[in-house]
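What follows is a short report on a single structure.
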Amino acid sequence: MEDIRNIIRQSKTLVGPFPEFNINEASEYPHEQFLEWFQMAIDNGVHEPHSMTLSTTDHNGFPDARVLIIKDVDQYGWYFASSSQSEKGKHIEDNPNIALTFYWSSIGKQVRIRGIAIEMDKERSAKDFLNRGTVARAIALLGKQSSILKEQREFEEALIKQIDSLQHNPTLVSPSWTLYRVVAKEVEFWQADEDRKHIRLRYKLEGDKWLKNLLWA
Ligand SMILES: Cc1cc2nc3c(=O)[nH]c(=O)nc-3n(C[C@H](O)[C@H](O)[C@H](O)COP(=O)(O)O)c2cc1C
């Protein structure tokens with residue numbers, strides 16, 4: 001135990017080398033800048049760059065966070081999908097103000113997005129659902145995400161039944177499966193520097209214009 005605690009204490013972060021971030025060439029729009037960085041993440045072999053942390057708050061304002069997959073990004077926002085009946089779904093219903101965080105360690109990049117999560121219509125949510133693999137669809141159709149499970153076996157048995165019913169009816173769609181769009185108000189691009197002179201560029205929506213500012217590291 002002491003060994004692993006020493007390793008934690010001595011672990012180095014942000015060792016580099018990292019790509020340069022030329023802020024003069026940063027896009028006018030954060031979604032374009034994000035897509036550029038995402039391309040760099042792919043080109044540099046970042047493992048699962050589409051994993052991100054979604055932060056929400058419950059009805060008492062108590063925060064929660066979990067990892068999800070980003071599904072798409074366009075000029076309207078960032079998209080993810082989940083069950084509207086899950087904990088996060090209930091949080092969003094109570095308070096649609098959320099945050100998304102990406103961290104791509106091998107290229108020293110963090111992106112922080114603050115915005116509002118909006119439910120997309122049933123048609124778009126169903127399309128996202130039908131694009132998922134069989135097991136993922138079967139799990140969503142169980143419709144119990146985040147509720148208490150007595151034992152793992154119960155889940156496995158229910159899953160076998162659900163996969164079977166999907167095989168008979170492959171167009172089944174979970175009524176609670178929801179595609180959410182995050183409409184951003186602030187997006188920060190953080191680039192690590194080996195000498196700790198990190199660069200932070202924040203886009204903030206003022207009216208219908210994106211204002212860009214550097215922030216102190
Ligand atoms: C890499 C990764 C990707 C995930 N992607 C999703 C996803 O796209 N949608 C989803 O509902 N849960 C996803 N999960 C599971 C969530 O982290 C979480 O456990 C689940 O959604 C329940 O969260 P909640 O209780 O806060 O609602 C993913 C987990 C990991 C580790």
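Placement of Cβ uses the backbone N, Cα and C atoms for every residue, glycine included.
Unlike curated records, TrEMBL annotations are generated automatically.
Of the residues Trp190, Trp210, TrEMBL places Trp190 in the same FMN site as Arg66, Val67, Leu68, Ile69, Ile70, Lys71, Lys88, Gln110, Gln145, Ser146, Arg200. Of all the Cβ atoms in the protein chains shown, 18 others lie within 10 Å of the Cβ of Gln145 (FMN binding site).
Long-range contacts of the domain 'Pyridoxine 5'-phosphate oxidase dimerisation C-terminal' (177-216) within the same chain, counting only residues at least 6 positions beyond its ends with a Cβ under 8 Å from a Cβ of the stretch, are 14-19, 21, 23, 26, 28-31, 33-34, 37, 71, 76-84, 89, 92, 98, 100, 108-120, 124-129, 140. Residue counts for the domain 'Pyridoxine 5'-phosphate oxidase dimerisation C-terminal' (177-216) under DSSP, split into helix (H, G, I), strand (E, B) and coil, are 0 helix, 30 strand, 10 coil. In three-state terms derived from DSSP, Lys88 (FMN binding site) belongs to a helical segment.
DSSP labels the residues of the domain 'Pyridoxamine 5'-phosphate oxidase N-terminal' (41-153) in these numbers: 34 helix, 43 strand, 36 coil.
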